[in-house]
């Protein structure tokens, strides 16, 4: 049975289509690539499109680091209307006139820069007793949610129309930022209300939109020649390329595999490091350096 699966290691940046959940998108890609072990990093709502990094094979060991990267979004908000779901799928529950000036808009957006507090929407994918909150919301059940921290690094106006009542924003934020909640909070501060009508994730960490591939294109390419994956897949260690490198000699690898510490002179005290081996600098995993310059393994792929 398992002979049907391919052994593929690496990271692929999928352009998630509108209407599919992140899990549904993952299953489609797994079916196309015939990969048994695969996972996505960073959930996108069905209404959202854009970058959904997926880790294949041994790259799944490092997916947590992808989740920690900054995210970039382009969002279009409808002004003057608040909905039950904070997006265009919900019912309009409040309508107010738009009275703010451009100066007031800039002042409000500036107030969201830096660390902010958010209460996630009931229509989010946060799990409660094993089920997503939005499943409770659809049954009319309201669950108490804890306030969460987020960081907004940039919040820029790309377009604004008083006549058509829309606001387009470019947002760079930390992991765990709820864009629908952010837009709703901005709308409240503008005293008019707002909800999301379009949301696209353009960037995760240093991965840009130019590196994405959509499902249809991926399917065509793989059917034509499976070897094209070599040009699409990013290397296993790409997710942690920002970490400093510690190169070790081959004869101490067994020590790391057995949970032993290896003396180094790296100076990267209490930091994650990429461990490479030998003169070819073969990537073998992630480690940490303790306060007496000893390297110990965190995740190995050998």
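Think of each number as a place in line: the chain as shown, counted from 1.
Quick reminder: no glycine exception, Cβ is built from N, Cα and C everywhere.
What Swiss-Prot lists as substrate binding site is 40, 73, 178, 199. Taking Cβ-Cβ distances under 8 Å and a sequence separation of 6 or more, the neighbours of residue 199 (substrate binding site) in its chain are 45, 47, 48, 49, 50, 73, 74, 75, 76, 87, 179, 180. In the three-state DSSP classification, residue 199 (substrate binding site) falls within a strand.
According to Swiss-Prot, the active site, nucleophile annotation covers 45, on the basis of sequence analysis. Secondary structure at residue 45 (active site, nucleophile), as computed by DSSP, is coil.
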Checklist entry - Looking only at DSSP and grouping its letters into three states, which state does residue 73 (substrate binding site) belong to? => result strand
Checklist entry - For substrate, with binders 40, 73, 178, 199, what's the maximum Cα separation in whole Å? => result 18
Checklist entry - Tell me, how many other CB atoms lie within 10 A of the CB of residue 45 (active site, nucleophile), whichever protein chain they belong to? => result 22
Checklist entry - Near residue 40 (substrate binding site), how many other Cβ atoms are within 10 Å of its Cβ? => result 21
